[in-house]
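Structure record follows, encoded as structure tokens.
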């Protein structure tokens, strides 16, 4: 039978009209390469939101201080100096600035993030990619359409249906209608992610430098160069110990930050009582109006400094996965919010009496008897705040990698207890170099603060736009509520953004340059990955042609198992046809392995593998889809190959039982665990079924064949036990991992920018990134690379 190349299909589901256009050959392919609906349908959606006792909730609220609120809590170190970098001209400006700080903390962190945005988590996961994953599950907005309807049966895959004429359904259709809208949404997510990465550079720089700046207050003879040197030493030490993880010292974070909040609140109350109680009138919003009424560009640009009072909220949302939302809400409303209000009010009271001390307002407002203890606490709190932001950056990079938007880098799991604690070596050293460059280059808080504020306000704008879609598609709120939330958020954030535009030439350009560099890398990588996937879809080979070659595939079937890795969940990849065209032999058992990342935070181990048979039994061909969420890691101790074979053996056993009368289906797919198999068999005679199951209770109970024939068994009626022995014998003979070593190039007629992106940038990124064989822990002696060139 002549070879045939199928046209690409980017969707997992194919409607009836498309099916009619494909004709009988497509129908034949579907019969030979059956879907996994039956298998996936067996999986019960067991996700339930955890409920916590009051005591445990208070404990988690306390622990959340060290992970979630360190960055937001250290803002008093530098806010007033960045608000009035040129000094204070009118004492009433202090009241106006304090009023702006109070209502900024109320509107953005408290009302928007803690009580609205944090509820838009993906099974407890936060960050821009978590919001994007939610949208991908409720609308077909992924640019790489490798999802299938069976993926929706995962216990962690939650979604809702829409009424056909609802506002949500209309918005969904509008998003899905054009590829340009999907692309724009992805770029929006990437911009937000890149800004958070920039935040991971700027937060340690400004926090540690501000904390170290306290040395000059009590030791005035020390030069600024010494302060910068001390800050750089602390930063190098901080990044150098990242590979140890925070598991061992993480228990210290919450007490340190808790002590910090109590200290700044106590000092704030002391300063209010001692210096000026009239600052409490700043709780009236009328002073905001008077502040701007006095006019002047300086008052408008001072919003850039006010903006720093709410920095850390982006890390708050990104680090949300460690704690339940209710714990985060309690910690903010009971401890963080009142302590910050007291701290800022106390500084304002001190500055009202000593306006010349605005540059070092925090340290100068500390009573002399507790100065050095506060310096130590401030430095420790700055380190904890930096650690939280660095950890959030690692998490976002991992999420971007899982979505195909970041080059393959090494990800290390640093804790056996907590899934979310990871370390990305390459990103860590890049962050350290850039952080030191920013600290040593600017040498002062003002310009770093301008850069920091620019990054944060852009992340807030991105979050607002994504939240608008979440409220429509996921929460299905009334359009009036959506409009109120969006308009109020954009009015506040665009006001801050307009003020930050005046700071671009004063350091605000730094996050833009950093974000542009990371955005270029992430977009080119995603574009190259997308084009490669489209090429594979277009060049996949018909199953009808493969099976038309007969059980031997027109080759010599040699003992062993061939695991053919592909990104396709259906059809035969081009790599396999290329392999059998150029080599005269193929393994007795062939398994097409598709490792797929889904827009869910995790895939339970018992649902990891989907297995099915391809064609008649005597072909000994199978397909295995390994599914991962964006938080799942490929670890060395995963035993990927072992678990794959366990799923394959379990499939063959269950298929044999079904053929014995339990099912009319010729092909059957299973996923996972013996308990699921027992549940499946529970409908019949329990004792008889369990006796049958116990016969195959373990792989070791199967007697391996000592010699494997070099030809495939001709009979399609091979029993389940015989086939298990055959596959196990082939496994003992040797397992070979067949992977594509593809080179992606732009076509000659491609545009200039596409040639630059594919032939140079993407090629360079692929050259320096990790190979799939390393990620999947494939032994080099069992690896077979098949070279190909893809022209896109």
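Each Cβ is built from the backbone N, Cα and C atoms, and glycine gets one as well.
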For the transmembrane segment entry in Swiss-Prot, name the matching range from 31-51, 52-72, 73-93.
52-72
From the ranges 479-499, 542-562, 563-583, 584-604, pick the one that Swiss-Prot records as transmembrane segment.
479-499
Which range is it, out of 249-269, 270-290, 396-416, 606-626, that shows up in Swiss-Prot as transmembrane segment?
249-269
Contact call for the transmembrane segment (422-442) against the transmembrane segment (219-239), three or more Cβ pairs under 8 Å:
yes
Long-range Cβ environment of residue 444 (N-linked glycosylation site), under 8 Å and at least 6 residues apart:
209, 224
Going through 219-239, 300-320, 323-343 one by one, which has the most CB pairs that fall under 8 Å from the transmembrane segment (97-117)?
300-320
So, do the transmembrane segment (219-239) and the transmembrane segment (323-343) meet, by the test of 3 or more Cβ pairs under 8 Å (sequence gap 6 or more)?
no
Which three-state DSSP class does residue 444 (N-linked glycosylation site) fall into?
coil
Take the topological domain 'Extracellular' (344-365) and find every residue of the same chain, 6 or more past its ends, with a Cβ under 8 Å from one of its Cβ atoms.
76-81, 84, 87-88, 91, 94-95, 97-98, 101-102, 210, 213-214, 216-218, 264, 267-272, 274-280, 282, 309, 371, 374-375, 378
Hey, would you say the transmembrane segment (479-499) packs against the transmembrane segment (323-343), going by three or more CB pairs under 8 A that are 6+ residues apart?
no
Among 52-72, 300-320, 366-386, 455-475, which stretch has the highest count of C-beta pairs below 8 Å with the transmembrane segment (249-269)?
52-72
